[in-house]
Amino acid sequence: MDIFSDLLLGAATAFQPVNLLYGFIGCLLGTAIGVLPGLGPTATIAMLLPITFGLQPESALIMLAGIFYGAQYGGSTTAILINLPGESSSVVTAIDGYQMARNGRAGAALATAALGSFFAGTVATLLLAVAAPPLAAVALKFGPAEYFSLMILGLVASVALASGSLLKAFAMIIFGLLLGSVGTDVESGMQRYIFGIPELYDGLNFVAVSMGIFGICEILRNLENEHERSVGVKKVTGLMLTRDDFRRIRGPVLRGTALGSFLGVLPGGGAMLSSFAAYALEKRISPNRAEFGKGAIEAVAAPESANNAGAQTSFIPMLTLGIPGNPVMALMVGAMIIQGITPGPNVISEEPELFWGMIVSMWSGNLMLVVLNLPLIGLWVRMLAIPYHLLFPAIIGFCCIGAYSINNSAFDIFIMAGFSAVGFALSKLHFEPAPLLLGFILGPMLEENLRRAMLISQGDPTIFVRSPLSLLLLGVAVVVLGLVLAPSISRKRDEAFTE
Amino acid sequence: MLKIRNGRDFVGGAAMIAVSLMFIGFGRELDIGNSFQMGPGYFPVMLSLLLIGIGVLIMVQSLVVAVRDEPDAPANWKAYILVILAPVLFGLALSHLGLAPTMFLMVGAVSCASRYAGWRHSIALALFMAISSVVLFTRLLSLPVSAFGPWIPFLGN
């Protein structure tokens, strides 16, 4: 099997009319929610998960992936035009992108963002196609001890790269792991924390939990600082880039793509971190750094390439190891489980159509986004005129009915409402909800592998350091932790997140 | 005399300890086992103990380290209560009233959480949501809910 026949197989799946259609819907929805501030990809994917139950697994995952990377495109549009980043990953784009728009170069900024994103998306997709199979082959050799160590590494790294206090992030992971232990214990069949409620036999439903923690909770936060939005956008002209522009963005796009591809693979990484890092890098090494902050085209090209590359490569750990690196990937893992697919290294060999179809669809989706975004820019800008007080009741309505449709029972609506209160209280206490969701998803797998490993070693915990692979993974986790605790780095980390 | 320098973290740490104690308390029937053959209670209890440790650390930190804290946005209790309780009422009423009236009432009620909502807009939006959710979910996606429930005379079934 060489990569070309694999990609051909993927193309056969991705270019089926129905999958093209769902890919298109995903990109369209993704762009829309990217444009709308206050509605992010995590909340949207959580909200739409119940609707995907009835679809083919390929169509469902292609659509959900489209929402995720479509949001990166849409977020940059509003960042550039009205200095209002629709997504956290386009916060840095707003700095110079908006200045470019004020100088009458909005078209050039938008074109730079779109072309940079497309280039980065293409490279990152190829990288995914090349890197995923060997990685999965290594992971197939993993025993319970190695899996346990891998998940520990994933959790530690996601803490290291999250913002805010480390202790609190660890607390959230453990809280999430505890919530994951609700339900029937796989090994003994004992019921844990069920309180006699039959709906809890399979555990807390993660769609309902994430809709509460990300969807509804976000609305509560937005309603606290509600502003009337008034949008005045000039007509966008001049989408063509000059020869000089191309010369200036070549380097930043390449560097942004490389940096984003690398950071996206790391657990907890992904789009936001990539764009911040790429901006910081360009600010240091660009020959035009004096222009930064006043409308430098490099400062748009680099973060936009990086966030798209990072969004794309963050699929690698999810597809090859079954380990989600960020909340969106956690939802994708959930979507696979709902479709009856066990995420992990077996996906490539057991579901080749799904795996390669998804990869090819990411490339075709990126192409659709370029075509979709540049001519339709006027439509997206007009969407901004939808006031938030009409938007959020509709979101709550769809969340309610989505939660109901998980099991056709009102119980999941109550779970959703309960967790919106929990999530809101936690955010008031400055606890981040993202590590909680990762812990919640990984909890059952972590416990199962821990118990199996300890059973194999007859209760000897040194099994985790006797296997060289497991030792290596734990060693990396310790190094990552050490790096974050080192004072100089933690100061840098604070700067990066407050900037 | 100890002084709480970071009230938010003090409460946060205490909340984590409370959560762990709840998991230990409700799980006291579960067999813990030993590290060789772990019972169903092993994992949750160990995690809870770990979380108590972290909670204590967060509380200790809140006594030692002072922070410059930006003030919170003013609490908007009306919005909290509406947005959290409206879905609960939606769940309770759905099987009795049916999708259309429940959605109408829920969207109408939840709109009041915004200080910019006007009643004309809210009613129009509620109607729109009621009709489109019936079309989308009972007709196109054939969810097992009826548009009108048994509590609605004439229309309900």
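Glycine residues also receive a Cβ, built from the backbone N, Cα and C atoms like all the rest.
Annotations in TrEMBL come from automatic prediction, not curation.
If you look up TrEMBL, you'll see A:20-49, A:61-82, A:118-140, A:152-180, A:200-220, A:257-281, A:323-342, A:354-380, A:386-406, A:463-486 marked as transmembrane segment. Summarising the annotation, TrEMBL assigns domain 'DUF112' to A:20-438.
Highest Cβ contact count with the transmembrane segment (A:61-82) among the listed stretches A:20-49, A:152-180, A:323-342, A:354-380, A:386-406 falls to A:20-49 (criterion: pairs under 8 Å). For the transmembrane segment (A:152-180), the most Cβ-contacting stretch among A:20-49, A:118-140, A:257-281, A:354-380, A:463-486 is A:463-486 (pairs under 8 Å). Counted over residue pairs 6 or more apart, the CB atoms of the transmembrane segment (A:20-49) and the transmembrane segment (A:386-406) come under 8 Å in at least three pairs, which marks the two as touching. Here the transmembrane segment (A:200-220) sits apart from the transmembrane segment (A:354-380); fewer than 3 CB pairs are under 8 Å, leaving out pairs fewer than 6 apart in sequence. Note on the transmembrane segment (A:354-380): residues 6-7, 9-15, 19-20, 23-24, 26-28, 31-32, 35, 57-58, 61-62, 65-66, 69-70, 73-74, 77-78, 110-111, 114-115, 117-118, 121-122, 125, 128-129, 132, 235-236, 239, 308, 312, 315, 319, 341, 347-348 of its chain, located 6 or more positions outside it, place their CB under 8 angstroms from a CB of the stretch.
The stretch in A:118-140, A:386-406, A:463-486 that contributes the largest number of Cβ pairs under 8 Å to the transmembrane segment (A:257-281) is A:118-140.
Listed by sequence, the residues of this chain that lie at least six past the ends of the transmembrane segment (A:118-140) yet keep a Cβ under 8 A from its Cβ atoms are 3, 6-7, 69, 150, 253, 256-257, 260-261, 264, 304-306, 308-310, 312-313, 315-316, 319-321, 344-349, 355-356, 359, 362-363, 366-367, 369-370.
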